[in-house]
Amino acid sequence: QIPALFTVSEQCSHFRPHSLLPDTLTTGAGHPVGDKLNLQTAGPRGPLLVQDVVFTDEMAHFDRERIPERVVHAKGGGAFGYFEVTHDITRYCKAKLFEHVGKTTPIAVRFSTVAGESGSADTVRDPRGFAVKFYTEEGNWDLTGNNTPIFFIRDALLFPSFIHSQKRNPQTHMKDPDMVWDFWSLRPESLHQVSFLFSDRGLPDGFRHMNGYGSHTFKLVNANGERFYCKFHYKTDQGIKNLTVEEADRLASTNPDYAIGDLFNAIANGNFPSWTFYIQVMTFEQAEKFQFNPFDLTKVWSHKEYPLIPVGKMVLNRNPVNYFAEVEQLAFDPSNMPPGVEPSPDKMLQGRLFSYPDTHRHRLGANYLQLPVNCPFRARVSNYQRDGPMCMFDNQGGAPNYYPNSFSAPETQPQFVESKFKVSADVARYNSEDEDNVTQVRAFYTQVLNEQERQRLCQNMAGALKGAQLFIQKRMVENLKAVHPDYGNRVQALLNKYNAESTNVHVYSRPGASAISASSKM
């Protein structure tokens, strides 16, 4: 196959002149097919025959074409390229991909929305996934980021409920503002991300004009065993560019695959998008004295106190040859970390270390890491894992499948043991609901946004919140007032206007009574 050097609209017309003479059509087993248009039947009007393997082979495969779509980040696009080191960070990290300036590492990147299904529009107001797979000599490194440096929750136990609230109502099968805003208003730690989401950056203009963030706090280890906490940032070299509400709505109805097409066409035209890769670094001593939990995913680290340190450049220069093979089957797992990169105590990261590979095994099978796009092709995989559905290679031949053994099978290497760290001695379920949910949101509202941006934020939020019931609106506005009175008052004033104009304001007196809630929507 040749790389895709054509735009979206040219794909079919490009294939024919660039293909060789047509191959002989075959079944899945490779048997030549003489007739692909007509069933084998007993007479021209008779029933078909069970022996028509051309039909059964085709139909049986068609019946099984679809795999489960991702429960989150289902709608997305991807591309391939390279990461190049431009600055030395070996004082912080021993990972081989950073070992010297000028070193390049192949990468795969997938961009996505979060809540929508695979066929939904990619211009909607939603966080954008920005996941990067580095194919390193020490195994794949999957940096599963977003286009926001924070998230809605800080405890992974809430993740299924959070996602359920963003998905469809279990009875009506419709997106439900009550569910969305009920959850957000009940969990005020979401205020930072919700405010970011309803700002201008909640509608990025495609995937090329947005930043990416590892979001979580990670741990870096250097060759001397010294450890540092770290956050990863990738800043777009194309410049930040956002859609207006009107543009996003128009594209959602006229070109729901706008972002995917924009990325594909840019690469096809040689306009390769790139991002500059940075880290923020915090010592363990600084973390001990930090003014808040440095592992809190709902907060950012000050760039003034912990400045961005340049590392390298990410460039995307190849489109997928086949979407299903290289994008739909592309699987990212935050537990895939090379030596020198380790997890921190971030509760959300810890939860994702289990959840991501678990969902891949459900969606793609136990041997999903053998799929070409997920295979750590620059490392030699040697272990004691065997068999399972869709085992595609030689299953490691006759090598022993148990450990320890006496027959020269793979051995551990002490230099790759994870770094030591201390933890609290008290095991408990710690409530993290109220860990200063407003200070950074207040700074975002008053210092990061200008007056016009504040106006649009409040308009966007009220325009979405108006669909929720009044008691939910009230609770959310109280949360906003805790951030800043001006924030809450502006949104309340807009809601008063919307509610006065609406002929269908949902009100009921027993919050939580699902039957009444359902009936109030009929």
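One is the number of the first residue shown, and numbering goes on along the chain from there.
Glycine residues also receive a Cβ, built from the backbone N, Cα and C atoms like all the rest.
Note that TrEMBL annotation is computational and uncurated.
In this structure, H73 (active site) belongs to neither helix nor strand by DSSP; it is coil. Neighbour count (other Cβ atoms within 10 Å of the Cβ, all protein chains): 23 for H73 (active site). The feature active site is assigned by TrEMBL to H73 (among others).
Residues or ranges marked as active site by TrEMBL: N146 (among others). DSSP assigns N146 (active site) to a strand. Long-range Cβ contacts of N146 (active site) within its own chain (separation 6+, distance under 8 Å): P127, R128, G129, F130, G212, Y213, S215.
The heme binding site annotation in TrEMBL covers Y356. Of all Cβ atoms in the protein chains displayed, 19 besides its own lie within 10 Å of the Cβ of Y356 (heme binding site).
According to TrEMBL, the domain 'Catalase core' annotation covers 26-411.
Separation of the C-alpha atoms of H73 (active site) and Y356 (heme binding site): 12 Å, rounded to the nearest whole number.
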